[in-house]
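Engineer: Here's a structure for you.
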Amino acid sequence: MGKFQVLDHPLIQHKLTIIRNKDCGTRSFREVVNEISTLMAYEVSRDMPLQDKTIETPVAKMTAKELAGKKVAIVPILRAGIGMVDGILELIPAAKVGHIGMYRDEETLQPHEYFVKLPSDIGQRQVFVVDPMLATGGSAIMAIDALKKRGASNIKFVCLVSAPEGVKALREKHPDIDIYTAALDDRLNEDGYIVPGLGDAGDRLFGTK
């Protein structure tokens with residue numbers, strides 16, 4: 001069973017409070033989501049494999065450590081997931097970036113896939129699937145289905161806010177996936193929004209309604 005981890009670092013929690021506030025404007029929301037994503041990436045990447053490398057410092061030769069093999073692929077679920085990409089790239093600038101496009105039917109709350117574009121070597125990379133919200137879990141499940149179908153196996157799901165319903169659904173469908181979130185909230189409301197949540201992350205990131 002993959003692990004479920006709430007990242008409770010004080011800076012993450014402080015910044016999460018900023019973006020939860022309904023008075024947080026688009027510019028601030030976007031900037032702080034970027035900052036939270038960088039902080040979360042530090043913990044999510046903790047188990048990346050290392051290998052020895054012989055180098056020479058100004059003083060002496062030594063055996064140092066470097067990342068081993070293929071590195072990370074970041075795969076945002078469009079459109080809100082885009083807001084988390086740059087923050088992770090600041091920490092892992094060599095990462096490749098794929099995209100999976102989803103939209104949610106407002107009546108059924110079911111996700112529909114409309115676009116998939118991934119690095120050709122996705123099966124050799126550690127994949128961070130990013131989406132600010134894990135609500136019903138439908139989009140996350142479908143995105144991970146698409147990744148596994150194309151050969152990915154080392155997958156982590158990273159979100160800012162999650163609902164118990166979404167966590168349960170994702171763990172039941174993909175029990176091998178590690179889930180990282182900045183907060184586990186109370187529940188979903190009748191419209192499929194996380195309560196207390198932070199509203200529609202995509203609209204708040206891009207200034208749309």
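Just so you know, the numbers here start at 1 and follow the chain as drawn.
Every residue gets a Cβ built from N, Cα and C, even glycine.
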Engineer: Which residue of D23, D200 does Swiss-Prot report at the same 5-phospho-alpha-D-ribose 1-diphosphate site as R79, R104, D131, P132, M133, L134, A135, T136, G137, G138, S139?
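Structural biologist: 5-phospho-alpha-D-ribose 1-diphosphate site check in Swiss-Prot: besides R79, R104, D131, P132, M133, L134, A135, T136, G137, G138, S139, the record includes D200 out of D23, D200.
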Engineer: Please report the three-state DSSP label of M133 (5-phospho-alpha-D-ribose 1-diphosphate binding site).
Structural biologist: strand
Engineer: How many Å lie between the Cα of A135 (5-phospho-alpha-D-ribose 1-diphosphate binding site) and the Cα of A201 (uracil binding site)?
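Structural biologist: That separation, Cα to Cα, works out to 11 Å.
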Engineer: Where's the emptiest Cβ shell within 10 Å among the binding-site residues G137, G199?
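Structural biologist: So among G137, G199, the binding-site residues given, the one with the fewest Cβ atoms within 10 Å is G199.
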Engineer: Could you state the CA-to-CA distance between S139 (5-phospho-alpha-D-ribose 1-diphosphate binding site) and A201 (uracil binding site) to the nearest Å?
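Structural biologist: S139 (5-phospho-alpha-D-ribose 1-diphosphate binding site) and A201 (uracil binding site) have their Cα atoms 14 Å apart.
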Engineer: Looking at the binding-site residues I194, G199, D200, A201, which has the shortest Cα distance to D131 (5-phospho-alpha-D-ribose 1-diphosphate binding site)?
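Structural biologist: That would be A201, the closest of I194, G199, D200, A201 to D131 (5-phospho-alpha-D-ribose 1-diphosphate binding site).
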Engineer: For a quick check of understanding: given the listed 5-phospho-alpha-D-ribose 1-diphosphate-binding residues R79, R104, D131, P132, M133, L134, A135, T136, G137, G138, S139, D200, what is the maximum Cα-Cα distance in angstrom, as an integer?
Structural biologist: 17
